[in-house]
Every structure is written in C-alpha cells, then in structure tokens.
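Colleague: Before anything else, here's the structure in question.
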There are 2 protein chains.
Amino acid sequence: MTTITIADDSPFGLDNLPYGVFSTPGSARRVGVRVGDVVVDLARALDDEVFARPSLNEFMAQGYDRWVAVRERIRDLLHGEVDDDVVHPIGEVTMHLPIEVADYVDFYASEQHATNLGRLFRPDSEPLLPNWKHLPVGYHGRAGTVVVSGTDIMRPCGQRKSPDEDVPSFGESRRLDIEAELGFVVGTGSALGTSVSCGDFARHVFGAVLVNDWSARDIQAWEYVPLGPFLGKSFATSISPWVVPMPALQTARTETPRQEPRPLPYLREEQAWGLDIELVVEWNGQEVSRPPYRDMYWSPAQMLAHLTANGASSRTGDLFASGTISGAEKHQRGAFIELTWGGREPIEINGEERTFLRDGDEVTISATAPGPGEARIGFGEVRGRIVAATNTAG
Amino acid sequence: MTTITIADDSPFGLDNLPYGVFSTPGSARRVGVRVGDVVVDLARALDDEVFARPSLNEFMAQGYDRWVAVRERIRDLLHGEVDDDVVHPIGEVTMHLPIEVADYVDFYASEQHATNLGRLFRPDSEPLLPNWKHLPVGYHGRAGTVVVSGTDIMRPCGQRKSPDEDVPSFGESRRLDIEAELGFVVGTGSALGTSVSCGDFARHVFGAVLVNDWSARDIQAWEYVPLGPFLGKSFATSISPWVVPMPALQTARTETPRQEPRPLPYLREEQAWGLDIELVVEWNGQEVSRPPYRDMYWSPAQMLAHLTANGASSRTGDLFASGTISGAEKHQRGAFIELTWGGREPIEINGEERTFLRDGDEVTISATAPGPGEARIGFGEVRGRIVAATNTAG
C-alpha cells in the first residue's frame, strides 16, 4: 500500500482530478485519473469495469450523477492508502486519445479573433459580419482526424492560389498555422427534436480539453467560400490527453464580456459560463502568446444551446471547441496569422524571423485556471511537431 | 426450402443486390440483401456472424476482396433453393439506418445547382465562385443526425432574419426545403497522411444511397457567412435504407461533363466515375422533378480524392454526398428553392400553389440506373414527412 503525495503547488491536486486514457508496456488502454505526478488506474482502484475501456465514452454515458459520485469516491480513495499496483508514475505511461469523438464542431467565439481574421481575409469589408453578435458562429469539422497531443502533424498538401497567381497549384501548405482553443466534451447527449438550455449545460458537458486546430491558411483562403473551411482544417486537430471535469472549473467561472445587443432568450444565461483560463502558447520552446479565455464573447453553455436550438441531437463523445482564443493585446493572440498579421510582421523565435510553421517546428499549448484558495487547476498541454509531407504528388 | 422468384422488370434483380439492415418483430437488427420483393437474412443464409450486426460497418471493414466474394456467394445462393426461414417479404420487415456514420461530408458538385444558389443567395455577384471549377467544394455535416428513410422530420427552429428585418428572431423555419442527392459510403478507409487516388475509388467505396439533405433556407441564409452551413442543415439528413454496391452501378458509368479548365493531376480520372442515374422527386405523391445525376460536374472519385488530398484519413462508415443534383431544365432541379426560384414562382401541388414545406408534407426521392441489358438497378426511396416543431421557445 502507498500514500500518494501531492506537492502543494501541483496543478493536479484533489480539486482537479482530470481523466485520461493511458497504457503501460504490454497492457491495454484504460481510464486513469491524474493526481500530482502519477496516474491512478481506475478500473483497479475502484474495481469497476467501465474504466477498463479504451475511451471515456462508456463512463461519460452513465450521466451526471455518476460523474459526481465517482469524483467523490476518487477523493475518498486518495485520502487514504492505495494499492501500489494501481499507481503509475506519469513518465512511465503512454497517453491516448481520451474520447471516441462523435461529432466535432468548431465555434468562432472570440470577438478579437473574428475581427482580426475578418480584416485579414476580407480587407475590403466590415471585419465582423452582421450575424456575429447574434449567434455563436460555428461549423462542423472532421471527427476522424482528432488526434492526441504528441502525435506528429504532417504538413498538408492542397490547392492554394495567391492573389497574384492566375490559377491554383497543388502542393504543400506554405502558411501552416495553429489555433489555440478550448474544447468541451459532451458526456450525455440530447435526443433529436430537443434542445439543451444554457442552464442544463453542466448536466450534459463532462469536461474540457485544450485544442490545437491546425490550419493551412493558404488552402483555407482559396477553398472556404461559400461553404466554409474544409481541407484547410480537416488534416488534423490535436487535443490534450487530460479531460478536466467541469466541477474542477467551478472557481474559474466568470462573467462573459458584456453582450450587446442582448442575445435572444435561448442564449441568455442566469449564471454565466465564462471561464477565467489562461493559455500559454510556445513555439519551439519560446513563449509567443498568452490567450485569455475570459475574454471570449460566447460561453460554452451558449455554444451548446445554439448547437441544439434547431433540434439537432447531441451524443456522448461530441466535441465542440471555442475557436481561436485571442485577447485585445498582441501577445494574447492565439494564431500565428494574427501574431504576424498575415505573415507581414514576422516575430523572432530563438533569434530567427518567423511567420508560419516550418517542418520540425513544435508547438505546445498549456493552460491553468484558478482553483479553490491558492490552488491552480492544470490542463497539462497539447503538443505537436510538424513533419514533412509525403503525399505531395498533385 | 424455397426458390426466390424475381419479376423480369424488378429493379432488385441479381445485378443489383443492395444491402440493408432490417428487423422483424421480436428479433434484433441484422444485415440483409434485397432481392425482388423479399429480404434475405445473410447471417443465416451464409452462416456468417458478420451479418448478425446492427450495421454494415463490420462487413464493409473486411475490404474489397470480401465484398466481391460475398456478392458472388449471394448470386450462387439465389440460383438455387434457400431455407424458408431466411426469406422475409419486404412488407414484413422494418428497415433501419444501414451504416454507423463516421464522418459526413456534403459536396456541391452540380454546376446548375451552384449557379442557381449563387444567383439566389448572392444576387449582386458572379453566381459561380472562382474556386468552383478547380475543386469539388464541400463541407462537413452532422453525422449524428443522419436518419433512415421514413423517420419523421421535425421542422427546425432557429434564428432567421429577412432582408427587411432589422434584427433576427427565433422561431420555426419558414423556408424548409429538400436537397435531392446521392451519397457514397466508404467501406475501407485510408490512413492519416495518405490520399486515395481517383483510380483507387472502387477499392474504398462500398456503395451508394439516396440522400435528402433537408435545408432550412432562412436559417442558412442568416448563419452561413463566413464558416458555411450549420444549423440550417444539421437538424436531419435522410438516407435510403438500401446501399447499392458500386459493382451494381458498373453499367451506369459514364463520362462527366467536360471539365474546363482541366483539373489538377490529383483530380484527373483515367476512367470517369460519372453515373447515369435518374432521380424522381415527389411532393405529396406528385412528381415535381427528375434530377439527372449524369450532369454532375465532379465525380464521386474526384470527391474522395479531394477529401483526402490533404492527408486527412477516411474511415469505414464515412458518408459523402454529392450535393443537390440539378440539371439544366427547370423540371430537373433538385431543391424547392430552385424549382420555385427562391419562393417567388410557386408550383402547383395537388391543386395548390406551393413554395416551401408545410407540416404534414411528405417528400419521396427515388432513383434507378441502367443495368446490364434491359435491367434497371433500383435504389428504392428516401422518404420523410414534416412534423410540427415542439421546441419553439426561443
């Protein structure tokens, strides 16, 4: 038997308890919870087969009351001694995609990001389109290419046409970018023909992850009218391995920025689900940005209410992301296209002038939120390295 | 033992043999093949557990060579006598969603449809956008709301704003429409970082279904810039229960219309996958349109090559649809917004002037293709009835 010790300043203390899917050499994937610098094997520690699965989906589908009860059981367990064989040092496990992604939706909820991209993509018109302050604009992305942090990202190929070219050509993206986002995981879905109100958010959404929505800006710019982004985004979306349960973010709740005009009734919140989470973006180990989630115009509860307002069903494993998180200051922008203003204002990375991603570059996004008292709630990180394209024949 | 008799003019003869998922009272869902007016229970007839499943996915994942072998075995079987208990009259079974949908993509491959919608949605600019003849424009839709033919379609609610209104309001869609399409089902996927060439289409795509991509035009028009259709489409997409295997469409293969400018190499086909399929659209039992699939500009092989050109993986159960099929003539248009020119030119249905769908309306889309000799290959139908919205609180 052993007692798990947690450093006082650990971002993975008893107020966090994020879930993930891990494996050890020779063993199958299964669900664990992270505490300090160890992973606790939940199937063994709680003697419950629902955690002996390669994704969180089966546990999430058991619903809100079970999520609350299991969180309490884990806390009780960690206050005492646990069997040695249920504890694995974080350095000795491999982390996997924590959920089986059902549908993936990406929103566009940062006013600063939408304004910046409007200026860059449509320089001759109003940056913010007329619908933007009335509804959380979003679109469906590719669920099958959501990958776990650490997965190499192959530079995508595709059609791109610069304004000075007459015809498009096929080849490697020359403007490969990141988008620093937060993602929300639906634990229990809603039936076709029903909607999830803002007030029901916590009963449906299990937790949050970090998202890097890799974006090929040249492919996107050429393809995206009139039906939206497609191949410019669909090649890969990375998520962090740890799903932070929504109750761990209770202390981080805050008001959203003032919403004017006042949203329609189905988008009004009695208690706002704004979140005071600070992200850090590192490019080859150098910090380039600190996007503040608290500045996001639309809350995740408003996103889910909108997503289901037409009666669309939701399912266990649905993932919806916030869209790029950008604040008002330059060092708060969550995409390189904004940080370098379309590539026209390079930034210095380790002594070099840089705009978009080169092969071999690595990007790491991490985040923390305030917990009770002095505690910080850690999200861990989402990390990815760019590797050269191999399917370049056009 | 019994011999299955097939009428000479049956669209479900031995050259078709579409797969579906059916149940009988008190029995679990399982895979069957349609022959004439009966469904053959394949798990029993072939003594193979892969067909005792509630979707085709496990069989499809076995790959092309198995698809060919099973088709041959079914033909051999049907030439002789079969056990009585493996045969069910079509009127005595319930049909279900044939596949577990992985990712759903909708293309926009009809030049006539894209031109018509461009004129209606963007009357002040060129109807066909600059990228349209260079690539098959497409976007991801909601996989979780793909439903089988016969499922009632609840009128969606959402935000809509007429040009003459200052602010949007929330409520039932007033411009509920159909889109008559063909859908293609991926049987065996492709790995992340690889692409499926046009020539490899038949080894990856298992078969085709009819699709009705229900569309709320008022919701769509307000929301769709800049990230594409979302709630205007995500409430429901209906597909036909029978998946017609691609080999059954060999006789229907034809050239696509001349593609000028010449597509980039990755979109060039040695043998075109144009398909001579004729659809029939009925509104409350009255034929209103005969959309010709042979006029589609981009072939399904080009769609899949494009979808994977950036290295995006594909999976068993991926569904990609063609987009609305519209021909040059008015009676060949596959959406009511085109048939009624944005609602300004009503058409007469059973003696009434009609534009968009009312509660209680039923739409049926059917299709046939030429088979060997005199044979016709039937797709059956995709059918849906509009029911009143119940979640109207905005």
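Even glycines carry a Cβ here, placed using N, Cα and C.
Not my notes, these are from TrEMBL:
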ACT_SITE  B:His113  active site, proton acceptor
BINDING   B:Asp106, B:Glu179, B:Glu181, B:Asp213  Ca(2+) binding site
BINDING   B:Tyr108, B:Arg122, B:Gln220, B:Tyr224, B:Thr324  substrate binding site
BINDING   B:Asp213, B:Lys233, B:Thr237  Mg(2+) binding site
DOMAIN    B:16-98  domain 'Fumarylacetoacetase N-terminal'
DOMAIN    B:105-386  domain 'Fumarylacetoacetase-like C-terminal'
Colleague: Measuring Cα to Cα, how far is B:Thr324 (substrate binding site) from B:Lys233 (Mg(2+) binding site) in Å?
Modeller: 13
Colleague: Work through the recorded positions one by one (B:Tyr108, B:His113, B:Gln220, B:Lys233, B:Thr237) and name whichever has its CA nearest to the CA of B:Asp213 (Ca(2+) binding site).
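Modeller: The answer is B:Thr237.
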Colleague: Quick one: among the binding-site residues B:Asp106, B:Glu179, B:Glu181, B:Asp213, which has the most Cβ atoms sitting within 10 Å of its own Cβ?
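Modeller: For the binding-site residues B:Asp106, B:Glu179, B:Glu181, B:Asp213, the Cβ with the most other Cβ atoms within 10 Å is B:Glu181.
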Colleague: Using DSSP, break the domain 'Fumarylacetoacetase N-terminal' (B:16-98) down into helix, strand and coil residues and give each count.
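Modeller: Computed counts for the domain 'Fumarylacetoacetase N-terminal' (B:16-98) are 33 helix, 22 strand, 28 coil.
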Colleague: Cβ within less than 8 Å of a chain A Cβ is the test here; which of the binding-site residues B:Tyr108, B:Glu181, B:Gln220, B:Tyr224, B:Lys233, B:Thr237 meet it?
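Modeller: The answer, in sequence order, is B:Tyr108, B:Tyr224.
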Colleague: Show, in sequence order, which residues other than B:Asp213, B:Lys233, B:Thr237 on the same chain lie with their Cβ within 8 Å of the centre of the Cβ atoms of the Mg(2+) site.
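Modeller: Counting only non-site residues, the set is B:Asp106, B:Gly141, B:Arg142, B:Glu179, B:Val211, B:Asn212, B:Trp214, B:Ser215, B:Ser234, B:Ala236, B:Ala321.
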Colleague: Considering only the recorded positions B:Tyr108, B:His113, B:Arg122, B:Glu181, which fall within 10 Å of B:Lys233 (Mg(2+) binding site) when distances are taken between Cα atoms?
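Modeller: The recorded positions passing the 10 Å Cα test: none.
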Colleague: If you draw a 10 Å sphere on the Cβ of B:Thr324 (substrate binding site), how many other Cβ atoms land inside?
Modeller: 30
Colleague: Enter the number of other CB atoms within 10 angstroms of the CB of B:Tyr108 (substrate binding site).
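Modeller: The answer is 21.
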Colleague: So what's the mean pLDDT when you look at the domain 'Fumarylacetoacetase-like C-terminal' (B:105-386)?
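Modeller: Mean pLDDT, the domain 'Fumarylacetoacetase-like C-terminal' (B:105-386): 97.
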Colleague: When you tally the Cβ atoms that lie within 10 Å of each candidate's Cβ, which of the binding-site residues (B:Tyr224, B:Thr237) has the highest tally?
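Modeller: Per the Cβ count within 10 Å, the most buried is B:Thr237.
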Colleague: Same chain, not part of B:Asp106, B:Glu179, B:Glu181, B:Asp213: whose C-beta falls within 8 angstroms of the C-beta centre of the Ca(2+) site? Give them in sequence order.
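Modeller: Neighbours within 8 Å of the Cβ centroid, excluding B:Asp106, B:Glu179, B:Glu181, B:Asp213: B:Ala180, B:Val211, B:Asn212, B:Ser215, B:Lys233, B:Thr237, B:Ala321, B:Ser322, B:Gly323, B:Thr324.
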Colleague: Using Cα coordinates, what distance in whole Å links B:Thr237 (Mg(2+) binding site) and B:Gln220 (substrate binding site)?
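Modeller: On Cα coordinates alone, these residues lie 15 Å apart.
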Colleague: Fewest neighbouring Cβ atoms within 10 Å: which of the binding-site residues B:Gln220, B:Lys233?
Modeller: B:Gln220
Colleague: Using C-alpha atoms only, work out the spacing between the residue listed as 'active site, proton acceptor' and B:Glu181 (Ca(2+) binding site) and round it to an integer in Å.
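Modeller: Just about 11 Å between their Cα atoms.
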